[in-house]
Amino acid sequence: MKTSPHRNTSAIVDLKAIRNNIEKFKKHIHPNAEIWPAVKADAYGHGSVEVSKAVSDLVGGFCVSNLDEAIELRNHLVTKPILVLSGIVPEDVDIAAALNISLTAPSLEWLKLVVQEEAELSDLKIHIGVDSGMGRIGIRDVEEANQMIELADKYAINFEGIFTHFATADMADDTKFKDQQARFNKIMAGLSRKPKFVHSTNTAAALWHKEQVQAIERLGISMYGLNPSGKTLELPFEIEPALSLVSELTHIKKIAAGETVGYGATYETSEETWIGTVPIGYADGWTRQMQGFKVLVNGEFCEIVGRVCMDQMMIKLDKSYPLGTKVTLIGRDKTNEITTTDVADWRGTINYEVLCLLSDRIKRIYK
């Protein structure tokens, strides 16, 4: 989707806030651990290239979801190590090797397909993925891990790392977390040899399970200033949200009592009402679920009325405002604030999803 620079709807990204959040984490974790930020999904909607360049001096490497995300960083001269967390097709391992991109090896079957490729494998770096209870990708027993190590050694593949991912580190009940921890430790104890990087700590584990001492801390949502648990667990230190979402009023009118607003005529005025139109809609990631939620105009909460359209939405105003008046969808205006987590709670989802759904059509402004 093409960015719309001539449309005054913007995501404002505070790169200093992201740097400050990383600095706070560096003080919180083990001094020997490297932070590898997750900049997948366009850095959770913040802009992967811009974020990576802004924090490169603070981190050991970066984590992305797929090979294309890694290639994008390399194409923009990001030189730090990069780990692809998802599996890739074996036919593309030569690209990763040539660009010094480390890959997740999710299974022995996958690695067998890799060595069948007519590619130079001596520059290939792999991190064996361990499924300790997430049920997503990775091996589940030490025998398979050791067979993978043996196969990697045979073909001069660099067994650089091994890792797992916790499913419930952001929950108050740590029963599942401890079970996963025990499963991962059991596999580690039976490995034929240890790699350079052993890592299992995601953002939530770094925040609430400091007993985990890892070579790499995979820092995600809290780097961008959000609590991975939503509002369930209290953060051990303050972090600053890095993204605000703003737009403006493009049309204002007073309509009579009994008039309807939007598709389906789902909102009817009970009295004369000022209605403002805002250029953002579900094609921008501001979903139809937002009907009935609030935005901020001049520091005051204003209700979203009628169904959110593809490109625009309507809000109920307390009075007339000039065209171009700022509308805050996420962020602070005077004494009031709307957080990403507030939006997520209204939608019945998580703050991660709210950020990741903000489409490329919304221009990003960096400060």
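Backbone N, Cα and C atoms are what each Cβ position is placed from, and that goes for glycine too.
Taken verbatim from Swiss-Prot:
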MOD_RES   K40  N6-(pyridoxal phosphate)lysine
ACT_SITE  K40  active site, proton acceptor
BINDING   R136, M310  substrate binding site
ACT_SITE  Y263  active site, proton acceptor
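It is 11 Å from the Cα atom of Y263 (active site, proton acceptor) to that of M310 (substrate binding site). Here the C-alpha separation of R136 (substrate binding site) and K40 (N6-(pyridoxal phosphate)lysine) works out to 17 Å. For the recorded positions shown (K40, R136), fewest C-beta neighbours within 10 angstroms: R136. Counting every protein chain shown, the Cβ of M310 (substrate binding site) has 11 other Cβ atoms within 10 Å. Under the DSSP three-state reduction, M310 (substrate binding site) is assigned to coil, being neither helix nor strand. Counting in whole angstrom, K40 (N6-(pyridoxal phosphate)lysine) lies 26 from M310 (substrate binding site) by their C-alpha atoms.
All chains included, 12 other C-beta atoms sit within 10 angstroms of the C-beta of Y263 (active site, proton acceptor).
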